[in-house]
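*Asks:* Here you go, one structure.
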Amino acid sequence: MLRHTTLPNNRTFASLFRTSAALSALPFALSLHSLSLKLGLAGDPFAASALLSFYFKCRMPHHAHKVFDEIPDRDSVCYSAMIVGLAQNSRSVDALLVFADMRQCGFASTEHSISGGLRAASELAALEQCRMIHGHAVVAGFYSNVVVGCALVDGYGKAGVVENARQVFEDNLAWMNLVGWNAMMAGYAQQGDHKSTSELFDSMKCRGLVPDEYSFLAMLTALYNAGMFLQVDEWLTRMKVDYGLQPTLVHYTCLVGAMARAGQLEQAERVALTMPYEPDAAVWRALLSACAFHGEADKAWSMARRVLELEPHDDSAYVIVANVLSAAGRWDDVAELRKMLRDRRVKKQGGRSWIEVQGKVHVFAAGDWKHERSAEIYRKLEEMMGEIEKLGYVPVWDELLHNVDEEKRKEALWHHSEKLAVAFGVLCGCAPAGKPLRIVKNLRICKDCHEAFKYMTRILEREIIVRDVNRYHRFLNGNCTCRDIW
């Protein structure tokens, strides 16, 4: 076409950008983008939407945002591409902001913009945002849409409200596809509800749907989170023998983690070394976490080395092995490890927790004084910690790295981000009486906060729900649904 007199138009560019995305042909797409600029077509909504999708697929959200900002006459398709792309690139807050901007500018929603908004809300476990988008989907006539229905099931499931997810699932059961069934199973799996997950698995087969690798991943996750480690191997065998499905690396990672948590550390390592895939950092990290759980300091250090060979700047490996060493009182080894962390210029990811109040998300870090009500929050926290100490709460020092005096250690434990979030939730009355407090943590919840929350449910007489990086924890009446397995 370029060798002849016919110049490409907006549809030509849109088709070629989609092809480039399918082939991951970055150099060619960059040349196309340059040509579209020269021909004055880069700002055309039809071509630009395809270009947005391409940049997002290549994990280049900043480039996509620049393209979006330079579109003079945006339409619903442009907004949909932007919302979905940001959500897929873990830019959840930005995705929700674009969704709000789309509605404010008067553009009609599409099934893709709604599903993208729901995905963003689910990644943040922002229940109120999920409910607002749900209400909008009903008003806009998309409630019976299978794409939106599946996104709602996934959104409520990841927000920890499996009852709402199940209601949407039942309402859309007549046209629910395998994606929706898997999303519902995954919602139960996160809670460690293996019975409900298994029942759905059987019901799905009765309806003529054939389970895929995601169905089995949900089952394996449910069993792992329920502490039924030895059944994971049985289900992996069923996957291969009864359904002819080849387990992926993720399935084997679940098996390795389950065996290691059951105390079969040597067998788990043997599986990692003999499985049909090259072990990645996630496999060794699962083994590392299990070694830490069982207090095997030397074995944990060995697994940490394997993780760091593949990901030298993985701060979690340093932190986990340092926690094990500090629990064993090996402070010289901890100091050496911290020196190694500094020498390699590894930055420890800061722990953050957030709580949603009337649609607004409040974020906290450990020892954080940035919130406008910090003084009140710390007073409330101190009051609550004093009350649970009277009930028998004893600080868990295992994961405190610093060999300092007890008063400073206690202060460091008391001011963890998840405790501050709970104190703020209680202070501002973010949930009506009898309703749970919902906290999200970007890392794994620490042992001390886990123990403290059990006692807090007794003094507050309400449920506390925490979603950490691994799973959901539902604290009620001094217990947690995870049964101390996370």
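Placement of Cβ uses the backbone N, Cα and C atoms for every residue, glycine included.
Residues annotated as repeat 'PPR' in TrEMBL: 75-109, 177-211. Positions annotated as domain 'DYW' by TrEMBL: 392-486.
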*Asks:* Where else in the chain does the repeat 'PPR' (75-109) make close Cβ contacts, counting only residues six or more beyond its ends and a cut-off under 8 Å?
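*Replies:* Result: 45-46, 48-50, 52-53, 55-57, 59, 61, 64-65, 68, 115-117, 119-121, 123-124, 126, 129, 133, 136-137, 140, 142, 361.
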*Asks:* Within the same chain, where does the repeat 'PPR' (177-211) have neighbours whose Cβ lies under 8 angstroms from its own Cβ atoms, ignoring anything closer than 6 residues to its ends? I mean 6 or more beyond.
*Replies:* 146, 149-150, 153-154, 156-158, 160, 162, 165-166, 169, 217-219, 221-223, 225-228, 243, 467, 471-472, 474, 481-482, 485
*Asks:* I'd like the per-state residue tally for the repeat 'PPR' (177-211) from DSSP, helix first, then strand, then coil.
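*Replies:* Reading the DSSP string over the repeat 'PPR' (177-211) gives 26 helix, 0 strand, 9 coil.
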*Asks:* Over the repeat 'PPR' (177-211), what is the model's average pLDDT?
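*Replies:* Overall, the repeat 'PPR' (177-211) comes to a mean pLDDT of 92.
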*Asks:* Please list, for the repeat 'PPR' (75-109), how many residues fall into helix, strand and coil according to DSSP.
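*Replies:* Helix/strand/coil tally for the repeat 'PPR' (75-109): 26 helix, 0 strand, 9 coil.
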*Asks:* So, by DSSP, how many helix, strand and coil residues make up the domain 'DYW' (392-486)?
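*Replies:* Summed by class, the stretch gives 35 helix, 16 strand, 44 coil.
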